[in-house]
Amino acid sequence: MAQFVYTMHRVGKVVPPKRHILKNISLSFFPGAKIGVLGLNGAGKSTLLRIMAGIDKDIEGEARPQPDIKIGYLPQEPQLNPEHTVRESIEEAVSEVVNALKRLDEVYALYADPDADFDKLAAEQGRLEEIIQAHDGHNLNVQLERAADALRLPDWDAKIANLSGGERRRVALCRLLLEKPDMLLLDEPTNHLDAESVAWLERFLHDFEGTVVAITHDRYFLDNVAGWILELDRGEGIPWEGNYSSWLEQKDQRLAQEASQEAARRKSIEKELEWVRQGTKGRQSKGKARLARFEELNSTEYQKRNETNELFIPPGPRLGDKVLEVSNLRKSYGDRLLIDDLSFSIPKGAIVGIIGPNGAGKSTLFRMISGQEQPDSGTITLGETVKLASVDQFRDSMDNSKTVWEEVSGGLDIMKIGNTEMPSRAYVGRFNFKGVDQGKRVGELSGGERGRLHLAKLLQVGGNMLLLDEPTNDLDIETLRALENALLEFPGCAMVISHDRWFLDRIATHILDYQDEGKVEFFEGNFTEYEEYKKRTLGADALEPKRIKYKRIAK
């Protein structure tokens, strides 16, 4: 094989109005290299992949794969035939084997004809069996079922037209992996995957013999799969050899040289780096330490010391001893039982990470806690001092014609944030919208910027109990880190639905895990501790993803 599978020479990309989002990038990609692409939202990461996939040809410089290199590309919004079933879409990836198996059955049937040309049939049979043998075709159904379980695909006979965006992405990813290209270009492959499916994908790509270039904000994924980090910074492509943790070390050293203008970002990075360096045991004690520090977090002096953090979660009223108690909760939709006899209580200072497959009922729990829906039976009791602040995962309700400042402030110079008042521009600035950025139209924002704006809008009520539904979606790593630090310093409680394992390990004091047939488990500890507990009590197979099973309600 050639020394490089893909080369880029002085590649640049200009977007209106004459802005260079990529400039003068020269890179060569080794066979089998695993590269994670990092950069702020809007840095040009998706553009880079579209160029490499040959979709965006309006560029400066040259970008080309070596001859005969087969490239597979997963965009953020993949296109599938809406008339196909899930099974038909997946079988497109292995059509050569599917067709060979069908034709082989026909050849066997033709042997029954006494006038058949047996020599010709035998030759065709041999050719077909070679194809099937080369791809382990006789085990094709087993391969497809295993992949469908791992990525929690919908039922085989489900129509693509009826699937959600997340379900379509999982089908497209499954199909792409089964195609086995020489080079995989993956734009946010972990989006819409739960933690167990991400872990499976991680192992798959680690063992994949081809080259992988992946845009992802999943830092365990970057730690466990990537051998290189490509950082896009102000149009330039900066390669770093090593995984995410080693990149963090190098980045810290680099920012030390740019200390004055990078002071806030460096402070945030150093907090995460301190956590990385502690190792597993030190990390696991963090959750307990947070609970023990709850009184300090509540103090006015402590809150004032943290007013310079990059992202700000306004504190609510002081929490009393009772926060949330759930007793014998049961909830169903139609004939599907989502929650069966769930009981738990949350102590002061807890941050509960909620995990489980999509569609298992995680958001439904939030709607019951906030009173938007009622349980079938059981009780949810909030403490008298609890004030809820909810952030849902839907960010389409914002007015695209308004500026960032107008969307949050409603045009007011002074805003009420919880029980206090503050200048609206100062509040918006606490979500990293500085200066001219506050004048940007909402419709011009990247996914990550919309995420920050969404947080700024919904957190201004100043709650002491946060319900955060997929707050990490579309956030770049800088903002993820800032959100983690803000949650760790928040003087209240939070329940957070997330599939980001690094995020859950840094912030969670407890885990609520949605499993099969309405079972939900409550565990004290972070995500890694919970995985170790499951492996210890249920065996390694318990960590393998499977398509979710709903318990049927007896009629």
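These residue numbers are counts, starting from 1, taken along the chain as shown.
For all residues, glycine too, the Cβ spot is worked out from N, Cα and C.
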For Swiss-Prot, the entry region 'Arm' belongs, out of 5-49, 50-94, 95-139, 500-544, to 95-139
Here the Cα-Cα span from Ala43 (ATP 1 binding site) to Gly361 (ATP 2 binding site), rounded to a whole number of angstrom, reaches 35
Per DSSP (helix/strand/coil reduction), Ser46 (ATP 1 binding site) sits in helix
The correct three-state DSSP answer for Gly39 (ATP 1 binding site) is strand
Around the recorded ATP 1 site (Gly39, Leu40, Asn41, Gly42, Ala43, Gly44, Lys45, Ser46), other residues with Cβ within 8 Å of the Cβ centre, ordered by sequence, are Ile21, Thr47, Leu232, Ser446, Asp476
Ala360 (ATP 2 binding site) -> DSSP, reduced to three states, gives coil
Whole-Å Cα distance, Pro357 (ATP 2 binding site) to Gly39 (ATP 1 binding site), is 28
One should report the C-alpha separation between Ser363 (ATP 2 binding site) and Lys45 (ATP 1 binding site), rounded to whole angstrom, as 30
